Amino acid sequence: MGVKFFNGGVEIAGSFGGGIHLEEGKVILTLCSFENCKAGIAGAIWVAEKGHLDLYATSFLNNNDILAGGMTADIRQYSTSEFTSTVNVHATCGEHSSWNGSPQAGDDLKAVGLDSSTAPHKSFSSGTCVSCLAGKVGDWYNPGSCTDCAGGTYSTDGTQECIGCGTGQFSGLGSGSCTDCAAGKHLNTKTTGDETSACTACATGKYSGTAAEICTACEAGKRLVEGATGDEASACADCLTGQYSGPSSTSCQDCAAGKLLTNSATASEPDACGACESGEYSAARSTTCEVCLAGKALVNAETGTESSACQICDSGKYSASSSTSCAACAAGKLLIRSTTGDETLACTDCLTGQYSGSSSTSCATCAAGKRLVESETSSEAAACEECAAGKYSESGDEECTECTAGKASAAASATCADCAAGKYSGVESGSCSTCDDGKFSSSTSESCTSCAAGKYLINSATGVESAACVFCLTGQYSGTASTSCQDCTAGKKLVKDATSDEADACSTCEAGRYSGVASEECNTCAAGKYSSAESSICSICEAGKYSDETSGACTSCPTGKYSASNSATCSSCAAGKHLTNSATGTESLACTDCLTGQYSGNSSATCANCPAGKSLTDKDKDSESLACAACSAGTYSELASESCTNCASGKYSEAIAGSCTSCASGKYSGAMSSECTPCAAGKRLEDSETGDEAAACTSCATGKYSAISEVTCVSCAAGKKLVDSETGTEAIACESCASGKYSGTASESCTSCAAGKILTDSATGVESSACTACLTGQYSGSSSTECSSCEAGKHLAITATSDESLACTVCESGKYSSGPTASCSDCGLGKYLSDNGVSAAEHVKAEKCLVCSAGTYSEGSSSASCTQCIAGKYLTDDAVAETQHDEEADCKICAAGMYSSSDGQATCADCEAGKYLADDEVDVTNHNEESDCTTCDAGHHSGAGAANCDGCGAGKYSDIPIDNEEDCKICEIGKYSVEAGAAACLECPAGTYNEDAGSDKGFHDQASDCVVCSHGKYSASPASSACADCSVGKHLVDNGVDQTNHDSESDCSICSAGKYVASSGAANCLVCGKGKYLTDDGTDASLHDSNADCTLCDAGTYLADDGGTDNTLHDNVNDCTTCSSGRYSGAGADTCIDCGAGKYLADDGTDASFHDSNSACTICEAGKYQDSAVAATCTSCAAGTQLDDDGADASNHDNVNDCTICAAGTYSSGATQSCTVCSSGKYLTDAGTDATLHDNQNDCTSCSAGLFLADDGVDATNHDNMNDCVVCAAGKYSGVGFGVCADCSAGKYLADDGVTKASHDSASDCSICGMGKYSDGGSGTCLNCGAGRYQADDGVDVAAHDESTDCIVYCGVGKFLEDDGVNHLNHDDANDCLVCGQGAYQDELAAGSCVGCGAGLFLSDAGTDHLSHDSVDDCQVCSSGKYQDQSSAASCSDCGKGRYLSDNAGLTSFHDELSDCLICDSGKYQDQTVGTECADCGVGKFIVDEGATASEHDSAEKCTTCLAGTYTEDTHAASCTNCPIGKYLNDATGNVNLHDNIDDCKICTAGQYSDAAGLGTCINCPAGKYLSDVGTSIFLHDDVSDCSNCGAGNFSSPGAANCDGCSAGKYSDTPASTEADCKICESGKYSIASGATSCLDCPIGTYNDDAGSDKGFHDEESDCTVCGRGRYSTSEGAEVCTYCPIGEKRCF
């Protein structure tokens, strides 16, 4: 250390390391002050010029050899002028010589015998000069030490100055060298040793070499290579094809798919990448764009795959190459070629009579039953019109034909059908009319016959009356022309069957009787049922009512009685219950048990409560005197109690009490007490809640007293002792201590201070307060008034002695003391002191303890020596800080990359470069020898001291271990590596290549650096540097997407059919030209290597495609398209020749032989012509004309004028050889003057409304005049143009029979039938409703009269009608249908009753809404907490208290019986009648019953508080747990908080024990025994043997915590039970201390003549009375003194 002094005299004792700088004044250097000191001054002593300086470097002990180790000092003057006085230097060396002198300016003064070197950068140490270490230099002003070089500089070993770091270098304080900033970083600050602070990483896109001040940016078009150095060529790599970058880029960006690269040297994507042209596409990183072939359209420009970019045109569409969309053929045409952009080549017209929509590939024909009206549509509905009812057509017909009389057809019919028997029809009928109800006919009949009265129709389709009509069944009746017989309605009986009037046929049943439908008699209602007059059923009496047989109504049950539904009588509730529901037949549902404490007699509606002070004895009684008993004294009851409850301990009651009264202060009582008892004097109330006096009243503790009825005892004051506890007066109870003794509060005796202490306060019972112990390091004998101290270097061994040699001991090794102390102080951890109790002088102060040296430690606080750190560890501190040596853990395991191979090392050595040691201060065995350093694996490298080896980066490899990353080699051509630490590079797979020859690892660091071959190329072997061309006749279309498409020469595909290629390396083959095709499909390349390989198309075909991109148009002879209709061709044609006017060629390209010459063209047939040179068909003659030449002469078909106008009564729709006669209901009078009057069937004039014309296009003379129209028959009408008259619709009639046209000209001429009538279609009159049916509509709604079933009304779902055809009045209105009642539903129509909901279900609606009863789903499952064990229930029953049901509207099986309501488990209760779960009783309570009896769980009160001695922590306990042996729990009041935790069980107090589990109180130790533990451990209170016997001279009462000594004046030679058992000393004896086992003899010369009458005459030595004058005693224990003999001297 360096020390500097100014102005003053200072004495410094000790050893010094460092320079001493003296300015002025006198300094005495005391190098050593103790014996055997071996240290001296290490450093320079500098002397300044400041007048009269004296320097003394002397030994403290003169010439003793205390500096045997040598003194080192370099004593110098640094003044520039002479000294004015003498500087005296005394330096004692090893030879005990000295040197004196008067130095002059500039002289060097040195201690004798030392090295004479004066270099200021060196210092002396033991007579030699040591060079400053690297990173330090000597200090001219402080030559005794070396100074650290500043940050940013360095020095080597022994240099004189610090040198500044070079460019890009840095260093920290005290550095021996400067460090270069690593490549990829630039210098931030020189003046730090922290590389992260000194050097900053280059910004993104910049690079640097080692020791760089700045970083350099890569230029645009290049990217920074990972791990780049300062070499621009290696740091910056060109972007790959299709990539671009701006300046300072770390990566290149791909041009996105759908674009191509136009400028690589820019950071702007719009500047770098141009969009592909319309119809073109490209993959990412493309420099060119591709086009879609003809027949396809571009759908995704952002892909390099043709299949993803181009989509084949949808059916019916076409396109040219480079198209972005496909065009559709127009409506009325069909697609014949998709690979062209020319609409005339792609699409052709549909044939005559056909139609098509846009985008069609075929034309459609109208189906049979329809005719064509529009050809340019894809909708069949728009193109084809259905034939009207009464007409038909075949497939392809352009007109519809009328049906003849006796037949009919529906709309869109292909034929007309014959009318069946039972029906009839006229001309052009849409349907055959059915015979009216009750009538029949044979087939083709014009009218129908009625069934006779008393019969009904069973078969209308016959002409035989016996087969058509049958007699009515029993109980039925009918009128004429009936289709059914009518039943007498329910509630009536049949009296006449031959009538149509129900009133004549049926008689009503009276009240109390009923009948079903078609009954001949009325039945009697049974008991429990009833009916009103005209009833179809007997109704069941509802629950709560009853009835006798043949009753018209039900009677309610009397008060207190109940009944189920269908009951003949009512039942009564039993005694002990009361009526809660009269409307049930189940006693458990009707009658409810009286609640706790209630009673009732038979047939009771309510229950009565027992009053407070009484309890229930018999709930089945009807008076209080019989049902309730009075509670006895000591018990009580609340209102409605089933039993009387005992008064708890501490309370009492008189007889018939409603509650208990607490005892007054100082009194106690046991359970069930009628009064309370006071505690006696000398005792205090301990527990008022017990009847045991011993438990209730506790004797006053030692030193305390009390009067009668006290709750507390009073203590004797400190300085006094108790003499009488059974009094309330302090003067009587307490007596002051004798002189020299002390006592505390509540003492029975006084105590003297023990040896080693002195009395300071007599008025305390605490020995520590009464007697003061000697101070630390002091000692004394007994009865001492002062203490003695041990000297420094020693510690107190024995306090209670006056002998210093016994009291004080020299400190042991590793300890010291600097003054009086009870023990020596430890040197402390990290220090040692070797002397082991020999010399006190070696232990007199802390400085005698030395800090452990480097590489050692001491874990003991009092060590004699230090322990060496084991090999593999180190400790650098060298005797400086003890906290660095105070535990073995201060020996640090060497860090990762370091080791130490021997014990006691201050530092660890680095593993050499190329090796590593991964363990980082974890396992010392991994650092204790050099072999723990592991050589790096191939592909890895490390520097010296490495914790692990770093792998060569991706794109590099090394086949041997190396020292640094620079030694890693970049992968060669055709190879790559993606994982760090590669020992070898992976070969690029076949189908890829890598042309980079190791110039940049960035071209080898990922699998994608292996570039997939482009179009037309392949590489068959791995590690390829380039791809080979596919040979001629072959191609490869994958453009660098899938390597598996390029990994073999076989990936070069022979051109497919229709293609060839004459050059190598082709991506695509060329398509054959016009009129040519090539069929070989890639089997032989020699068949695809020239255009000459393409074959000419046959005659009759052509191929127009000019060899674009779609080979499918040239790959088959079928690609040579057969000429379309109206054309022909020769061989090799690219187009076809027209047939000419008047001709057609129908084949539309199906057979070339039909198109191979002009003879294939056909002359038009009759009714057609063709004025076009190209036609597939001929054009039909216009409507209203005809053409009779049938293909004989083309000149008769080449002009529209070849068609002639139709004659009168006929028309044509065109394309006919002859004209058509007008259909039924129409006529045409023009006789061929104007074709427009014959061009449509509508030109035929319709007959007027009310008329008809039956001939249906047979004879034109029947249609050439308006008089051909005739008036309609009865029941029929016609509109304009009817061929037959239409039937009036069912429900209507028309009486005029062919007389007046105006009576038949509209459907309104048909009148709706009146009330009670109906009709079938075509009727002249209406029929009456049959018996038992009704019809209320009076000619308003035709739908209410159009069939016989309109006379029947059915009840809907959710309703019922019980009357079974007995009384018609029960069926004459919809209101006769009743809504189902509660608990019932009906999901069918026409029901006579409702279905009851099953058990577990209910339905509460009381018949207000039939929608609430129309499904079994209306029956609801009982909710949670409820059940229903009966069917047809309106509600569910509560589970009741003590039960629960958790299912909420789930399965009915969980609610269909009471047992589904589960009784609560033990420890749980439910006090609600509807519960989903039971509540826990909670801790401290229990219920024993485990789901057996609900009444045991029906309230929280059923949870019983644990009894005394028990507890439970369970919230739902079935029982309580006994307190363990050794503990007790004395609460019996029901306070649950005192039973809810095991901690409520208290360990027995002092003087008590419990030897059984579950005790409410502990047992007192017997008299004469004691137990002092105050409840710290149950094992000290679990048996009577824990009570210890009192010793002789002591006594204890039962339950004593300790024994009391027999008081002064008494003794006991055996253990005593009470003070009274202690015996008073006999005459001649005394005792002065409590607990005496015998009494002391009075000394010689004294006597005591009391014979044990009073202890007060024996409790002090002074009670031994000195013999009086003239008396003596010669022995101890004298009872009396002896008189001196006569004549001898008398004692005075």
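Glycine too: its Cβ is placed from the backbone N, Cα and C atoms.
Positions annotated as domain 'TNFR-Cys' by TrEMBL: 202-236 (among others). Sequence-distant contacts of the domain 'TNFR-Cys' (202-236), counting only residues of its own chain at least 6 positions beyond either end whose CB sits under 8 Å from a CB of the stretch, comprise 166-169, 180-187, 244-252, 264-267, 953-955, 965, 999-1002, 1005.
Using DSSP to sort the residues of the domain 'TNFR-Cys' (313-347) gives these counts of helix, strand and coil: 4 helix, 8 strand, 23 coil. Annotated domain 'TNFR-Cys' per TrEMBL: 313-347 (among others), in sequence order.
For the domain 'TNFR-Cys' (350-384), the number of residues in each DSSP class (helix H, G, I; strand E, B; coil) is 4 helix, 10 strand, 21 coil. TrEMBL lists 350-384 (among others) with the feature domain 'TNFR-Cys'.
Counted with DSSP, the domain 'TNFR-Cys' (387-416) comes out as 0 helix, 7 strand, 23 coil. Residues or ranges marked as domain 'TNFR-Cys' by TrEMBL: 387-416 (among others).
TrEMBL lists 435-469 (among others) with the feature domain 'TNFR-Cys'. DSSP assignment over the domain 'TNFR-Cys' (435-469) gives 4 helix, 8 strand, 23 coil.
The feature domain 'TNFR-Cys' is assigned by TrEMBL to 557-591 (among others). Same-chain residues lying 6 or more positions outside the domain 'TNFR-Cys' (557-591) and placing a CB less than 8 Å from one of its CB atoms are 527-529, 540-548, 599-607, 619-622, 1429-1430, 1432, 1437, 1458.
Residues 612-614, 630-638, 685, 687-693, 696-697, 708-711, 1532-1534 of the same chain sit 6 or more residues outside the domain 'TNFR-Cys' (647-679) yet have a Cβ under 8 Å from a Cβ within it. Feature annotation from TrEMBL assigns domain 'TNFR-Cys' to 647-679 (among others).
For the domain 'TNFR-Cys' (737-771), the DSSP-based tally of helix, strand and coil residues reads 4 helix, 6 strand, 25 coil. Annotated domain 'TNFR-Cys' per TrEMBL: 737-771 (among others), in sequence order.
Per TrEMBL, domain 'TNFR-Cys' is recorded for 774-808 (among others). Across the domain 'TNFR-Cys' (774-808), DSSP classifies residues as 4 helix, 10 strand, 21 coil.
Counting residue by residue with DSSP, the domain 'TNFR-Cys' (852-881) contains 0 helix, 7 strand, 23 coil. What TrEMBL records for 852-881 (among others) is domain 'TNFR-Cys'.
What TrEMBL records for 1206-1234 (among others) is domain 'TNFR-Cys'. Counting residues 6+ beyond its ends, the domain 'TNFR-Cys' (1206-1234) has Cβ neighbours under 8 Å at 352, 391, 398-399, 401-402, 427-428, 1166-1168, 1180-1188, 1190, 1240-1241, 1243-1247, 1252-1266, 1268-1269, 1278, 1281-1284 in the same chain.
The domain 'TNFR-Cys' annotation in TrEMBL covers 1606-1639 (among others). Secondary structure counts, DSSP: the domain 'TNFR-Cys' (1606-1639) has 3 helix, 7 strand, 24 coil.
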Cβ contacts under 8 Å made by the domain 'TNFR-Cys' (737-771) with residues that lie 6+ beyond its boundaries: 701-704, 715-722, 779-786, 799-800, 1604-1605, 1607-1608, 1633-1634, 1660
DSSP-assigned states of the domain 'TNFR-Cys' (1206-1234) in counts, ordered helix, strand, coil: 0 helix, 6 strand, 23 coil
